[in-house]
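Peer 1: Sharing the feature lines straight out of Swiss-Prot:
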{"type": "ACT_SITE", "residues": "HIS41", "note": "active site"}
{"type": "BINDING", "residues": "TYR44, LYS83, ASP503, GLY540", "note": "ATP binding site"}
{"type": "BINDING", "residues": "GLU85, ASN541", "note": "Mg(2+) 1 binding site"}
{"type": "BINDING", "residues": "SER86, HIS87, ASN88, HIS89, ARG108, GLN232, GLU304, SER305, GLN306, SER543", "note": "substrate binding site"}
{"type": "ACT_SITE", "residues": "HIS87", "note": "active site, proton acceptor"}
{"type": "BINDING", "residues": "ASP109, ASP260", "note": "Mg(2+) 2 binding site"}
Amino acid sequence: MASALRQEGLTQEDYIEIQRRLGRDPNRAELGMFGVMWSEHCCYRNSRPLLRGFPTDGPRILVGPGENAGVVDLGEGHRLAFKIESHNHPSAVEPFQGAATGVGGILRDIFTMGARPIALLNALRFGPLDEPATQGLVEGVVAGISHYGNCVGVPTVGGEVAFDPAYRGNPLVNAMALGLMETDDIVKSGASGVGNPVVYVGSTTGRDGMGGASFASAELSADSLDDRPAVQVGDPFLEKGLIEACLEAFQSGDVVAAQDMGAAGLTCSCSEMAAKGNVGVELDLDRVPAREQGMTAYEFLLSESQERMLFVVQAGREEALMQRFRRWGLQAAVVGQVLEEPVVRVLQHGSVAAEVPARALAEDTPINQHTLISEPPEDIQEHWRWSETDLPSVSRDHDWGADLLALLDDPTIASKRWVYRQYDQQVLANTVVPAGGADAAVVRLRPQQGDASLRGANRGVAATVDCPNRWVALDPERGAMAAVAEAARNLSCVGAVPVAVTDNLNFPSPETPKGYWQLAMACRGLSEGCRVLGTPVTGGNVSLYNETRADDGSLQPIHPTPVVGMVGLVEDLGRVGGLAWRQAGDAVVLLGVSSDERQDDRVGLAGSSYQGVIHGLLTGRPPRVDLDLEQRVQALVRQAWEQGLLASAHDSSDGGLAVALAECSIASGLGVDGALPGDGVAPERRLFAEGGARIVVSVRAECMDAWTSLLADEAHAAVPVTILGAVADHGRFRLSLGSQPVLDQAVQTLTERFDQALPRRLGTA
């Protein structure tokens, strides 16, 4: 029995509770059902109490947490569905298929709501890129994402990629998707109508993906390579047909409820639909389209074969609906019915193979109780004692240009063109700002069907994914709050008003005091950031146990990584901007926190890229997040875009102000003549310190009078404004500290280092 419980990821206490709920011992199929549905991946048994603290209400929220995806009202008939999810463990053992099926799964969450997918983003984390093992993972994951997205015909428009030893052996692959509603009514997943048929559509069921949900809820080890059968195999061309057939079916009015079959397959779909509708579902496995012979009830119920959906259909309309799917070359079969008794009853070969109360699987699931320590762990407190004065002193003739080049060569900061050039960013012809051109992607709001498709298509949605994982490692609360702030800042830099959030909480085990403290503090910071910035959480994903067991038995946890996916509204696509300088003579201005004060705790080198790349350190307490100033700085930038005063906007984040300015020059090929304030402040702080509420803008030379008038507005009086210099056409990147020149590099030199960092390491330069 002990080995059977381990196989299902259950404890002895879980087994006793299962016996109590059933009033008997479970059979193998039932034990498997409980194993996947009581896993962290499906029921959030460690994180659910923390998630309840997230703000989830707002004037634009149509659907919040609990459905396949969140939905927000963007006005003028535009309703946007969006969601982020992880496929971390599968991608670690089978990078191509793990990443590809992660894309397929998040797309199904979107179109299951009745929305047509319009864009994809991803947030990726890997170990050091100089290591061959990491290079193989990167190549496989990027190829998998590219393959599925390109084939299914949905553009991948943005994302982020970071490299750190903490992710060695346990990469993070988070996929986000956006979709525009095409149905009048949002499709929900709660079953209703006793006697209504349950219809299976899509691909056939095989043995691939067996136990994927339980696999995703355990740490990785050297033996995990043997778990390749737990990784699903995707077919993007079949999914393309499934998208079209589902959207047609939803328009017909014949579908009562819909649920995609992702983690835990048929078990999850049946139990969630039944529990949400307070009804039951009877499932006959003999009717399920199978691709393999002799499959047991256990295998049918736990298979995670891809591109499958489960519908509850209006009685009498099932044949017409199935004909619709068959025209698209898809399987379709009536496999059960809605019951009044609130159970999931599974039949096979004329007998009951399993019968479990639906709520026991999908609603009334266990919660693991953890005690939150009252003080930060001792190692964190030790980190917080670090001071910038502990850094090695530098000589007066120190080569700051070499430091800047080293930062631009860091794979986390460097150009990700090697990644996004493999993605089709322009399919559907709605991508306005693609990856690499700005701090957020922008996609035109142009539905293919419905009244909204007939209106002018001059509105857009902006999207971004962000997480400063080095900050979160040192202070989870500040780091998670900074993730929300940076996401909103990135949207504001393209002129978008932040609307709502979907989150992906990637963490190590919560079963240690430090692990649970990290998770709890990050949730607190994320919640506060969303509350103050007015961006409610519409749903997301929790991925725990992201850690690798070494050969000596020790566990190597990842950095806690709460990825924030945020969407924003662009009212006028003619006022969207990027990060590149536009013309010589434009003023270069820093809005927000400057680096010219030693004691300002809103900016610093703790946890910075400079600290890591130049000194090999990760220590200190990250800067305090000033959410009030964030709001003010972002509002000023958005209004300046609206008035047509700006030529560019770019947030200062990884690498600090010097790197932000360099990225603007690299993107444009134009030079800059700039001077940073702060006499008496260490040069490294002025050049490379990081902090929130900092945006570099270039103001059109012909708009300086209007810019001055805007700054005089009382609403913007509290925003610090620092004139740094001007855009130049001499092709040099020149910065001085006061009157002392410290950087004078050819923009071409910066560009070559920035562009070649990934290709050189991957052998494709």
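Placement of Cβ uses the backbone N, Cα and C atoms for every residue, glycine included.
Could you place these features in context, so I can see how deep they sit and what lies close by?
Peer 2: Around HIS41 (active site), taking its Cβ as the centre, 28 other Cβ atoms fall within 10 Å, counting all chains. HIS41 (active site) falls within a helix when secondary structure is assigned with DSSP.
Taken residue by residue with DSSP, LYS83 (ATP binding site) is part of a strand.
Of all Cβ atoms in the protein chains displayed, 25 besides its own lie within 10 Å of the Cβ of GLU85 (Mg(2+) 1 binding site).
ARG108 (substrate binding site) falls within a helical segment according to DSSP. The Cβ of ARG108 (substrate binding site) has 28 other Cβ atoms within 10 Å, all protein chains considered.
Within 10 Å of the C-beta of HIS87 (active site, proton acceptor) there are 33 other C-beta atoms, taking all protein chains into account.
Using a 10 Å Cβ-Cβ cutoff, ASP260 (Mg(2+) 2 binding site) registers 26 neighbours. A strand conformation is recorded for ASP260 (Mg(2+) 2 binding site) in the three-state DSSP classification.
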Peer 1: Can you tell me the CA-to-CA distance separating LYS83 (ATP binding site) and ASP109 (Mg(2+) 2 binding site), as a whole number of Å?
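Peer 2: So the alpha carbons of LYS83 (ATP binding site) and ASP109 (Mg(2+) 2 binding site) sit roughly 8 Å from each other.
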Peer 1: Other than TYR44, LYS83, ASP503, GLY540, which residues of the chain come within 8 Å of the ATP site, judged by Cβ distance to the Cβ centroid of those residues?
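Peer 2: Other same-chain residues near the ATP site: LEU51, PRO65, ILE84, GLU85, THR502, ASN504, LEU505, VAL537, GLY539, ASN541, VAL542.
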Peer 1: Please identify, from the binding-site residues ASN88, GLN306, the residue with the sparsest Cβ neighbourhood, meaning fewest other Cβ atoms within 10 angstroms.
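Peer 2: Comparing Cβ neighbour counts within 10 Å for the binding-site residues ASN88, GLN306 gives ASN88.
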Peer 1: Looking at the recorded positions SER86, HIS87, ASP260, GLN306, whose Cα is closest in space to that of ASP503 (ATP binding site)?
Peer 2: SER86
Peer 1: Any idea which of the binding-site residues SER86, ASN541 has the thinnest Cβ neighbourhood at 10 Å?
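Peer 2: The binding-site residues SER86, ASN541 were compared, and ASN541 has the fewest Cβ atoms within 10 Å.
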Peer 1: Would you measure the largest Cα separation among TYR44, LYS83, ASP503, GLY540 for the ATP site and round it to whole Å?
Peer 2: 17
Peer 1: SER86 (substrate binding site): which of the recorded positions HIS41, ASP109, ASP260, ASN541 is the nearest Cα neighbour?
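Peer 2: Closest candidate to SER86 (substrate binding site), judged by Cα separation, is ASN541.
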